[in-house]
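Visitor: Shown below is the structure under consideration.
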Amino acid sequence: MTENETIFWNRILELAQSQLKQTTYEFFVLDARLVKVENQVATIYLDPMKELFWEQNLKDVILTAGFEVFNAHISVNYQFEDDLASEIEESTSNHIFSRQTINSLPAITSDLNPKYSFDNFIQGDENRWAVAASLAVANTPGTTYNPLFIWGGPGLGKTHLLNAIGNAVLLDNPKARVKYITAENFINEFVIHIRLDTMDELKEKFRNLDLLLIDDIQSLAKKTLLGTQEEFFNTFNALHNNNKQIVLTSDRTPDHLNDLEQRLVTRFKWGLTVNITPPDFETRVAILTNKIQEYNFTFPQDTIEYLAGQFDSNVRDLEGALKDISLVANFKEIDKITVDIAAEAIRARKQDTPKMTIIPIEEIQTQVGKFYGVTVKEIKATKRTQNIVLARQVAMFLAREMTDNSLPKIGKEFGGRDHSTVLHAYNKIKNMIIEDESLRIEIETIKNKIK
């Protein structure tokens, strides 16, 4: 493309993204491309099923970009994959689509994100079962857990696991027919095929897969469009009856998909349902340690731990924080990211993030001391009698659980102890309460007093 053509196309993409939902933009716009602009006509390569959407929703975008870049009224000529050399006659009404062109669409595209793999997925206690189940499905699709239903809040790695499964299956069998799609985009495709009267093609596309990966299936429950759930039900049955693997993700359990037909809910529970919860501190540190390799900055350990303490709800917040820091560091030409710099960079993000109630570590020490009959001074000191050691370790555990302080900061509040001592105490108590119900009850009692 010429320089002006590049500017023109980038402006179209920019305007389209600002006006459309992200999922709609990704589905209808991202795979289109500009072939040329000649004689005030823009030739755009497009999936034929998406032409109607462009004509109805993006005409003004193209006109605006045309006047901005070429100072001219730019009309559009859509070309399809097997027809790039010929022009398609435009019509604003009674639009006719070439069935021959639609039937000549290429083999299924997976739409997987190649950057997501099992190797770069950070495991922790909160996602261990989901990872194990995903690996089992990737190794023996259609036999172990079918369907696999992964649920959890946003930004916890569900999409990563879906793509990791698909990429692993294709690595093992490049000829496998794999499809990743959001429920929202499944609905979009359904609507398009209904309009074009090409439902047989939709059925052929989805019912002949080896692996179907559906993200955010709860979106299907929100739609009342007649026939959408019916079509997915039939697709599910066709795949399952042929021992083809289905993996679904959701922000809630199958039983809480209230607007979904009961027969679908029942089928979602045929296989295995696994949950992903927010990452614990160690996992957040591991995620950050992995992510910072993408940046050309030095992150001291105390900065990493500080950031891990600031965002405890999902991975996206951590990734967003690193982008904020990168922006500030590049602007200030800083190579080493200190805690102060990190705090400055994420200030705005923290204002939009649910904040943990500020609890002084001294308050935790006081309540733990009262419960176990020891003083705060003894908790901070080095005396190692059994009851004092237990109180000290419980207080460190609660300081980690109930505050966003870094390990070094907590250690400083406990007589200047090293961060490794705090981590040891935290892990010890965390493991003990799994086996010791009485200790778990004691800690819950103390937590209630602190709150």
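Don't overthink the numbers, they just go from 1 along the chain as shown.
Just so it is clear, glycine is given a Cβ too, placed from its N, Cα and C backbone atoms.
As annotated in Swiss-Prot:
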type	residues	note
BINDING	Gly155, Gly157, Lys158, Thr159	ATP binding site
REGION	1-101	region 'Domain I, interacts with DnaA modulators'
REGION	101-110	region 'Domain II'
REGION	111-329	region 'Domain III, AAA+ region'
REGION	330-451	region 'Domain IV, binds dsDNA'
Visitor: What kind of secondary structure is Gly155 (ATP binding site) part of, going by DSSP in three states?
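Guide: In three-state terms, Gly155 (ATP binding site) counts as coil.
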Visitor: Hey, what's the Cβ neighbour count for Thr159 (ATP binding site) at 10 Å?
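Guide: The Cβ of Thr159 (ATP binding site) has 19 Cβ neighbours within 10 Å.
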Visitor: Name, in the order they occur in the sequence, the residues of the same chain whose CB lies under 8 A from the CB of Gly155 (ATP binding site) and which sit 6 or more residues away.
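Guide: Sequence-distant Cβ neighbours: Ser313, Asn314, Val315, Arg316, Asp317.
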Visitor: When DSSP states are grouped into helix, strand and coil, how many residues of the region 'Domain IV, binds dsDNA' (330-451) land in each?
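Guide: Helix, strand, coil within the region 'Domain IV, binds dsDNA' (330-451): 87 helix, 1 strand, 34 coil.
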Visitor: Neighbour count first, Cβ atoms within 10 Å, every protein chain included; then name which of Gly157, Lys158 tops the list of binding-site residues.
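Guide: It comes out as Gly157.
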